[in-house]
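Trainee: Structure below; questions to follow.
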Amino acid sequence: MAQFTLYNKHSAPPSSESTRVDCEHVPLCSINDVQLRFLVPDDLTEVRQLCQEWFPIDYPLSWYEDITSSTRFFALAAVYNLAIIGLIVAEIKPYRNVNKEVIANMSDSDELYTRLSGFPMQDKGILPDSMGRSADVGYILSLGVHRSHRRNGIGSLLLDALMNHLTTAERHSVKAIFLHTLTTNQPAIFFYEKRRFTLHSFLPYYYNIRGKGKDGFTYVNYINGGHPPWTLLDHIKHYASMVRHTSSLCAWLAGRVQQVVRWFYHKLLTRFNFIE
(Lines of atoms letter the chains of each structure in order from A and count residues from 1; the text may use other names and numbers.)
(Lines give C-alpha, C1' and ligand atoms only; values in the text may rest on other atoms or scores of the structure.)
Protein backbone atom coordinates (compact mmCIF):
# COMPACT_ATOMS: atom_id res chain seq x y z
CA MET A 1 0.00 0.00 0.00
CA ALA A 2 1.40 3.38 -0.99
CA GLN A 3 1.72 6.32 1.32
CA PHE A 4 -1.26 8.55 1.96
CA THR A 5 -1.37 11.35 -0.58
CA LEU A 6 -3.58 14.30 -1.41
CA TYR A 7 -4.67 14.46 -5.03
CA ASN A 8 -6.15 17.55 -6.64
CA LYS A 9 -7.85 17.47 -10.02
CA HIS A 10 -5.66 20.20 -11.47
CA SER A 11 -2.46 19.15 -9.65
CA ALA A 12 -2.45 22.43 -7.80
CA PRO A 13 -2.75 23.33 -4.10
CA PRO A 14 -6.37 23.03 -3.00
CA SER A 15 -8.31 26.27 -2.82
CA SER A 16 -10.99 27.18 -0.33
CA GLU A 17 -13.57 27.16 -3.14
CA SER A 18 -12.93 23.64 -4.38
CA THR A 19 -12.22 21.58 -1.29
CA ARG A 20 -14.26 20.22 1.56
CA VAL A 21 -14.21 21.60 5.07
CA ASP A 22 -11.99 19.51 7.38
CA CYS A 23 -10.60 17.57 4.41
CA GLU A 24 -7.28 17.34 6.24
CA HIS A 25 -8.94 14.89 8.61
CA VAL A 26 -9.73 12.44 5.81
CA PRO A 27 -6.94 10.00 4.88
CA LEU A 28 -6.69 10.19 1.10
CA CYS A 29 -5.06 6.99 -0.09
CA SER A 30 -3.12 6.06 -3.17
CA ILE A 31 -3.20 2.37 -4.07
CA ASN A 32 -1.21 1.77 -7.21
CA ASP A 33 -2.57 4.35 -9.67
CA VAL A 34 -5.92 4.95 -7.94
CA GLN A 35 -6.23 8.10 -5.89
CA LEU A 36 -9.00 9.70 -3.86
CA ARG A 37 -10.03 13.32 -3.86
CA PHE A 38 -13.07 15.40 -3.05
CA LEU A 39 -15.40 16.45 -5.82
CA VAL A 40 -15.15 19.99 -7.17
CA PRO A 41 -17.61 22.01 -9.28
CA ASP A 42 -15.74 21.12 -12.48
CA ASP A 43 -16.71 17.46 -11.90
CA LEU A 44 -20.43 18.07 -12.32
CA THR A 45 -20.78 16.97 -15.94
CA GLU A 46 -18.61 13.88 -15.51
CA VAL A 47 -20.31 12.82 -12.27
CA ARG A 48 -23.76 13.31 -13.75
CA GLN A 49 -22.90 11.15 -16.75
CA LEU A 50 -21.45 8.41 -14.53
CA CYS A 51 -24.44 8.34 -12.18
CA GLN A 52 -26.79 8.07 -15.13
CA GLU A 53 -24.77 5.07 -16.32
CA TRP A 54 -24.39 3.43 -12.91
CA PHE A 55 -27.83 3.99 -11.39
CA PRO A 56 -31.31 4.16 -12.91
CA ILE A 57 -31.89 7.38 -10.96
CA ASP A 58 -32.71 10.75 -12.48
CA TYR A 59 -31.19 13.09 -9.91
CA PRO A 60 -32.03 16.77 -10.44
CA LEU A 61 -29.28 19.11 -11.52
CA SER A 62 -29.37 20.79 -8.10
CA TRP A 63 -28.28 17.50 -6.50
CA TYR A 64 -25.15 17.36 -8.62
CA GLU A 65 -24.47 21.01 -7.89
CA ASP A 66 -24.73 20.31 -4.16
CA ILE A 67 -22.47 17.26 -4.03
CA THR A 68 -19.78 18.94 -6.11
CA SER A 69 -19.70 22.21 -4.19
CA SER A 70 -21.53 22.11 -0.86
CA THR A 71 -19.71 21.30 2.38
CA ARG A 72 -22.90 19.60 3.53
CA PHE A 73 -21.85 16.43 1.73
CA PHE A 74 -18.87 14.11 2.04
CA ALA A 75 -18.40 13.50 -1.70
CA LEU A 76 -15.26 11.58 -2.56
CA ALA A 77 -14.12 10.32 -5.96
CA ALA A 78 -11.74 7.50 -6.88
CA VAL A 79 -9.63 8.65 -9.82
CA TYR A 80 -7.65 6.57 -12.32
CA ASN A 81 -5.80 8.16 -15.25
CA LEU A 82 -7.53 11.47 -14.45
CA ALA A 83 -10.97 9.83 -14.83
CA ILE A 84 -13.47 9.23 -12.01
CA ILE A 85 -14.07 5.49 -11.63
CA GLY A 86 -15.77 5.44 -8.23
CA LEU A 87 -17.78 7.72 -6.00
CA ILE A 88 -19.20 7.86 -2.49
CA VAL A 89 -21.60 10.54 -1.26
CA ALA A 90 -22.59 10.74 2.40
CA GLU A 91 -24.06 13.23 4.82
CA ILE A 92 -23.79 13.79 8.56
CA LYS A 93 -26.93 14.91 10.34
CA PRO A 94 -28.44 15.00 13.84
CA TYR A 95 -30.23 11.75 14.60
CA ARG A 96 -33.26 13.62 15.89
CA ASN A 97 -33.80 15.01 12.37
CA VAL A 98 -33.68 11.68 10.54
CA ASN A 99 -37.43 11.24 10.38
CA LYS A 100 -38.36 14.90 10.14
CA GLU A 101 -37.05 15.27 6.61
CA VAL A 102 -38.88 14.29 3.46
CA ILE A 103 -37.07 13.62 0.22
CA ALA A 104 -39.11 14.47 -2.84
CA ASN A 105 -39.34 12.04 -5.69
CA MET A 106 -36.40 12.51 -8.02
CA SER A 107 -38.56 12.26 -11.15
CA ASP A 108 -42.14 11.76 -12.21
CA SER A 109 -41.16 9.44 -15.06
CA ASP A 110 -42.21 5.81 -14.70
CA GLU A 111 -39.03 4.82 -16.50
CA LEU A 112 -36.85 6.19 -13.74
CA TYR A 113 -35.99 4.97 -10.30
CA THR A 114 -37.34 7.17 -7.54
CA ARG A 115 -37.91 7.04 -3.83
CA LEU A 116 -41.48 7.02 -2.67
CA SER A 117 -40.81 9.02 0.45
CA GLY A 118 -38.20 10.33 2.81
CA PHE A 119 -36.55 8.37 5.59
CA PRO A 120 -38.97 5.69 6.79
CA MET A 121 -40.15 5.57 10.39
CA GLN A 122 -38.18 2.35 10.85
CA ASP A 123 -34.99 4.41 10.78
CA LYS A 124 -36.07 6.12 13.99
CA GLY A 125 -35.12 2.95 15.86
CA ILE A 126 -31.47 2.95 14.84
CA LEU A 127 -30.29 4.40 18.17
CA PRO A 128 -31.73 4.33 21.71
CA ASP A 129 -33.74 7.44 22.60
CA SER A 130 -31.32 8.32 25.39
CA MET A 131 -28.38 8.29 22.97
CA GLY A 132 -30.19 9.72 19.98
CA ARG A 133 -31.02 13.04 21.64
CA SER A 134 -27.44 14.25 21.27
CA ALA A 135 -26.03 11.91 18.61
CA ASP A 136 -25.32 12.36 14.92
CA VAL A 137 -25.55 9.72 12.21
CA GLY A 138 -23.92 9.31 8.83
CA TYR A 139 -26.14 8.50 5.86
CA ILE A 140 -24.68 7.03 2.65
CA LEU A 141 -26.64 8.45 -0.26
CA SER A 142 -24.64 6.81 -3.02
CA LEU A 143 -21.70 4.46 -3.53
CA GLY A 144 -20.79 3.27 -7.00
CA VAL A 145 -17.84 1.95 -8.99
CA HIS A 146 -17.38 1.80 -12.74
CA ARG A 147 -18.25 -1.65 -14.05
CA SER A 148 -14.81 -2.23 -15.54
CA HIS A 149 -13.10 -1.51 -12.21
CA ARG A 150 -15.30 -3.48 -9.82
CA ARG A 151 -13.93 -6.22 -7.56
CA ASN A 152 -10.64 -4.35 -7.27
CA GLY A 153 -11.21 -2.87 -3.82
CA ILE A 154 -12.31 0.56 -5.04
CA GLY A 155 -15.61 0.44 -3.14
CA SER A 156 -13.80 -0.63 0.03
CA LEU A 157 -11.27 2.17 -0.42
CA LEU A 158 -14.04 4.75 -0.65
CA LEU A 159 -15.97 3.31 2.29
CA ASP A 160 -12.81 3.12 4.40
CA ALA A 161 -12.17 6.81 3.75
CA LEU A 162 -15.66 7.65 5.01
CA MET A 163 -15.31 5.38 8.04
CA ASN A 164 -11.96 6.92 8.95
CA HIS A 165 -13.46 10.38 8.55
CA LEU A 166 -16.33 9.57 10.93
CA THR A 167 -14.26 7.82 13.61
CA THR A 168 -11.98 10.74 14.40
CA ALA A 169 -12.12 12.43 17.79
CA GLU A 170 -13.83 15.45 16.22
CA ARG A 171 -16.75 13.28 15.13
CA HIS A 172 -17.21 11.10 18.18
CA SER A 173 -20.86 12.20 18.26
CA VAL A 174 -21.52 10.15 15.10
CA LYS A 175 -22.81 6.86 16.51
CA ALA A 176 -23.96 5.04 13.37
CA ILE A 177 -23.70 4.95 9.59
CA PHE A 178 -26.75 3.75 7.70
CA LEU A 179 -28.01 3.32 4.15
CA HIS A 180 -30.90 1.98 2.11
CA THR A 181 -30.72 -0.66 -0.59
CA LEU A 182 -33.07 -2.79 -2.63
CA THR A 183 -33.79 -6.22 -1.17
CA THR A 184 -32.85 -7.66 -4.57
CA ASN A 185 -29.46 -5.94 -4.73
CA GLN A 186 -27.49 -8.95 -3.59
CA PRO A 187 -24.02 -7.62 -4.57
CA ALA A 188 -24.57 -4.51 -2.44
CA ILE A 189 -25.97 -6.53 0.47
CA PHE A 190 -22.99 -8.90 0.37
CA PHE A 191 -20.57 -5.96 0.21
CA TYR A 192 -22.05 -4.14 3.19
CA GLU A 193 -22.47 -7.25 5.32
CA LYS A 194 -18.83 -8.08 4.66
CA ARG A 195 -18.01 -4.60 5.96
CA ARG A 196 -19.89 -5.23 9.24
CA PHE A 197 -23.13 -3.52 8.34
CA THR A 198 -26.10 -5.31 9.86
CA LEU A 199 -29.69 -5.52 8.69
CA HIS A 200 -31.80 -3.12 10.73
CA SER A 201 -35.23 -3.07 9.12
CA PHE A 202 -37.34 -4.13 6.17
CA LEU A 203 -38.91 -1.31 4.14
CA PRO A 204 -41.92 -2.49 2.15
CA TYR A 205 -42.47 -0.56 -1.10
CA TYR A 206 -39.75 1.94 -0.23
CA TYR A 207 -38.68 2.33 -3.87
CA ASN A 208 -40.65 3.08 -7.02
CA ILE A 209 -39.07 1.46 -10.07
CA ARG A 210 -40.80 2.00 -13.39
CA GLY A 211 -44.07 2.63 -11.62
CA LYS A 212 -43.84 -0.42 -9.34
CA GLY A 213 -43.15 -0.43 -5.62
CA LYS A 214 -40.04 -2.33 -4.59
CA ASP A 215 -38.95 -3.35 -1.10
CA GLY A 216 -35.83 -2.07 0.56
CA PHE A 217 -33.56 -2.74 3.52
CA THR A 218 -31.91 -0.42 6.02
CA TYR A 219 -28.37 -1.46 6.91
CA VAL A 220 -26.46 0.02 9.86
CA ASN A 221 -22.89 0.04 11.10
CA TYR A 222 -22.41 1.25 14.69
CA ILE A 223 -19.31 3.31 15.47
CA ASN A 224 -17.87 5.44 18.29
CA GLY A 225 -19.65 3.45 21.00
CA GLY A 226 -23.06 3.53 19.33
CA HIS A 227 -25.42 0.58 19.68
CA PRO A 228 -29.01 -0.32 18.79
CA PRO A 229 -31.90 0.04 21.26
CA TRP A 230 -32.15 -2.77 23.75
CA THR A 231 -34.63 -5.53 23.10
CA LEU A 232 -36.49 -7.48 25.80
CA LEU A 233 -33.84 -10.19 25.52
CA ASP A 234 -31.08 -7.62 26.07
CA HIS A 235 -32.81 -6.42 29.26
CA ILE A 236 -33.17 -10.01 30.49
CA LYS A 237 -29.48 -10.67 29.83
CA HIS A 238 -28.54 -7.45 31.62
CA TYR A 239 -30.55 -8.22 34.74
CA ALA A 240 -29.35 -11.82 34.72
CA SER A 241 -25.80 -10.53 34.66
CA MET A 242 -26.59 -8.21 37.57
CA VAL A 243 -28.06 -11.13 39.53
CA ARG A 244 -24.98 -13.22 38.87
CA HIS A 245 -22.78 -10.33 39.90
CA THR A 246 -24.86 -9.74 43.04
CA SER A 247 -24.77 -13.43 43.90
CA SER A 248 -21.02 -13.48 43.47
CA LEU A 249 -20.72 -10.38 45.65
CA CYS A 250 -22.93 -11.91 48.34
CA ALA A 251 -20.88 -15.10 48.27
CA TRP A 252 -17.67 -13.07 48.60
CA LEU A 253 -19.09 -11.06 51.51
CA ALA A 254 -20.27 -14.24 53.22
CA GLY A 255 -16.79 -15.69 52.85
CA ARG A 256 -15.22 -12.58 54.33
CA VAL A 257 -17.66 -12.61 57.26
CA GLN A 258 -16.82 -16.24 57.93
CA GLN A 259 -13.12 -15.40 57.94
CA VAL A 260 -13.68 -12.55 60.41
CA VAL A 261 -15.80 -14.78 62.67
CA ARG A 262 -13.15 -17.50 62.63
CA TRP A 263 -10.41 -14.96 63.40
CA PHE A 264 -12.41 -13.42 66.25
CA TYR A 265 -13.28 -16.85 67.66
CA HIS A 266 -9.62 -17.89 67.48
CA LYS A 267 -8.55 -14.75 69.34
CA LEU A 268 -11.16 -15.30 72.06
CA LEU A 269 -10.19 -18.93 72.46
CA THR A 270 -6.49 -18.07 72.66
CA ARG A 271 -7.12 -15.36 75.24
CA PHE A 272 -9.31 -17.68 77.35
CA ASN A 273 -6.65 -20.40 77.38
CA PHE A 274 -4.01 -17.84 78.35
CA ILE A 275 -6.07 -16.64 81.33
CA GLU A 276 -6.52 -20.19 82.61
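Even glycines carry a Cβ here, placed using N, Cα and C.
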Trainee: Tell me which of 24-35, 120-131, 204-215, 228-239 corresponds to the region 'Required for homodimerization' entry in Swiss-Prot.
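Mentor: Going through 24-35, 120-131, 204-215, 228-239 one by one, Swiss-Prot flags 204-215 as region 'Required for homodimerization'.
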Trainee: Could you tell me the C-alpha distance between TYR207 (substrate binding site) and ILE154 (acetyl-CoA binding site) in angstrom, no decimals?
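Mentor: Counting only the Cα atoms, the answer is 26 Å.
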Trainee: Out of the recorded positions listed (TYR139, ILE154, TYR192, LYS194), which are within 10 Å of TYR59 (substrate binding site), Cα to Cα?
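Mentor: Matched recorded positions: none.
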Trainee: Which one is it, among the recorded positions TYR139, LEU143, ASN152, SER156, LYS194, that lies nearest to HIS180 (active site) by Cα separation?
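Mentor: Nearest candidate: TYR139.
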Trainee: Near TYR139 (active site), which residues of its chain come within a Cβ-Cβ distance under 8 Å, counting only those 6 or more away in sequence?
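Mentor: Listed in sequence order, they are ALA90, GLU91, ILE92, LYS93, VAL98, ILE177, PHE178, LEU179.
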Trainee: Over the residue list TYR59, LEU141, TYR207, recorded for substrate, what is the maximum interresidue Cα distance in Å?
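Mentor: The substrate-binding residues span at most 14 Å between Cα atoms.
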Trainee: Determine the C-alpha span of the acetyl-CoA site listed in the record, that is the greatest distance between any two of LEU143, GLY144, VAL145, ARG151, ASN152, GLY153, ILE154, GLY155, SER156, ASN185, TYR192, GLU193, LYS194, ARG195, in Å to the nearest whole number.
Mentor: 19
